[in-house]
Amino acid sequence: MTKRLTPQEKLSRKPASRACTFCHQKHLQCSNERPCKNCVKRNIADQCQDITRKRVKYLTGANSKAVAAATTPEATTTTPKRKQKRSVKGSPSISFPSSSISPINTSTFDTNGHPNGHPNDLLRQSLEASQAGQAQAPSLLEIQGPFPQMQTLQPTHTVASETSSSYSQVQPQHHPESSVPPSAPPESVDQLQQLMMHDSAYFNTNNVALNPTNVLEADPFDGHTNTMLNTTTDVLNKLLNDHYEIDNILQPPDDALLVDQQQSSSEATGTSASKAVPMGPSHSNTHFSSNYLNEEYLMLGDILLQSKPTSPSPSNTSASEYNMLSPSYTQNIDFDNIHLSKRKVVQKLKDSRPFISLGFPKDSSLSLDNLNNMAHQTDNLLDNNVSSRGNNNTSNQKLQSAIASKTSKTNPIINFATKYSTEYVSPLSTHQIYQTVSDIYSKDVLNYEYPNSYHALTHFLKTRFSGNNLPHEEKARKRQNLLVILKLIASYRPTFISAHKSLLKPQDLLFLEMSFQRCLIDYEKLSQLNSSPTIIWRRTGEIVSITDDLLSLLGYKLLDILSKRTFIMEIMYDDESIVKYFQLFKSVAVGNLHSSINTKVKLIKNGGAVPGGGTSNGKYNYNNNYNHNYSHNNNNNNNSNNSNNNGMSTGAGNSGDGDGLENNVGTNSYIEFCSVWTVKRDLFDIPMLIIGQFLPILPAGDGVRMY
């Protein structure tokens, strides 16, 4: 009985890389030294040898298994009877003693020693002779004379293994348990078929001479064990050895004759030629026997050869670390013809199966001339003529006539006369141009200049936080807030710039603007179905859409907001709301892909006073073209009328009559909202537009429940 090990011995012992034959059969813990401890303890140290590992089925053929089983001495000397019966079916190794060989008629063989008759004809003759009661075996079994090496029916060509240092020599061996008496007839038809299969295998493989040129090389995957973990390793090894496949593409292999002989021998022995994998470098065309591994190999080849990082996100900065090749592989690369090799491999992958190429081909047929046809085709396909914006009664007739004269339905998507135009187009104008989805594809697309928008934003921030006519302490505090905001903008804007540097100008920029207008139409339809007041603005902060109920709450008109460049920060009441906005936007601008923000914000009413001086009407007078002055009393009356028309709750104010109606929501200067911001990103994962929904916080009083 095996001695029980102590816990200390179990921790100190190390597993062996390969067990010996005895330990493998007895399921014992083997050691690395030879002879191992178990064999020394049992006095069988002379028989301690490494076990021959079982090879993976899809890396070797049935013919090579038969050769290995026939040339291994242990297969006929030390194996049990049960394993010998199993080896008879897969790898025949039956031999005859010299005393059982009788003269043979040489007329049945040609000059090269091959039988003239077909094995099936010989088998038919043997069956007829056995049925007639003849006492002798068929003439094919009576072998002597010019074939002395046929006394052992073993193939003469061998396969080089890991441990062999010289070519193996075939020696005649006698096995009494498998020999057949010379005068005994075959007992059954199965025995005759087995004997004939042995003889045909010998005659098909005997014509290969035993010399170094005909000895096959070792398979490069011979060291792998039969585990599922090695499938990925095999795929990567094949990817790193693509220069063998390039050689096979350029010229046929030198050992084509040897492969044909092996295939013919495998067909004669009854094995399927489709399952036999040729050994050596010429096996690259038959990748794997598994369709899953073939697909994995082809997909890895596509990724390694044609993929490239296209996003400036931090996750792609370390992609080059995984694309490095080992030094052993670079030694085998021909740097003179390296581009030719890559083209050969790519062409081989294209010929292997149809796939979608990762990246843009150099000979792309997509030109600017085809974009006109694409515009007409898209105009026919998109029949969404329902406008989500409608005609505004507040817009001027002159503005509509100017827009109608500037754009027409027959213009292409890209107008080369205006593609480099930097003229600013207000959101109200774009609402009149793109009223339906079909208008985006049929009318001229105007490019949006983000740098000019950032310059206007910087000018507004400097004006807002200038702190004129304020004490020194208040002015220093405003300047500190301005520095915080500028640092936040500088943290994410370089990423936006780097993402746009790789674009094809102006086509990609126009495509991004088309995507923006397409999403804007959908979100405006959604805001009409939603009861909450909504504002939609770009990533620069410029407002592009606002609902009527929010306009009525704040006392603005649509022309006041959308007829010029108006930022969301302009209608924020205090400096803390502006600083908090940039902090929240910086958190979702780069890296973090969260799409919603919950916060509180104070929005200025029309005509309300801003802390630190100034009013909301003039926006600090930084844009004098659209400076609208309204009196405070008129604003209050407009607020009350708009609130009554939209069904909002209003208060009677201090006086009980209807002369001085005021908006009872918020204060006279601002309204505090609970807001939810939804971030919509473009194809670079950069915020494209932000949808803000604002719910006013009602004041506490009689009839108002507080939570």
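Cβ coordinates come from backbone N, Cα and C, glycine included.
The DNA-binding region annotation in Swiss-Prot falls on one of the ranges 20-48, 397-425, 513-541, namely 20-48. Matching 305-324, 385-404 against Swiss-Prot, the residues noted as region 'Disordered' span 385-404. For the DNA-binding region (20-48), the predicted model reports an average pLDDT of 91. Across the range of the domain 'PAS' (522-591), the DSSP-based residue counts are 39 helix, 12 strand, 19 coil.
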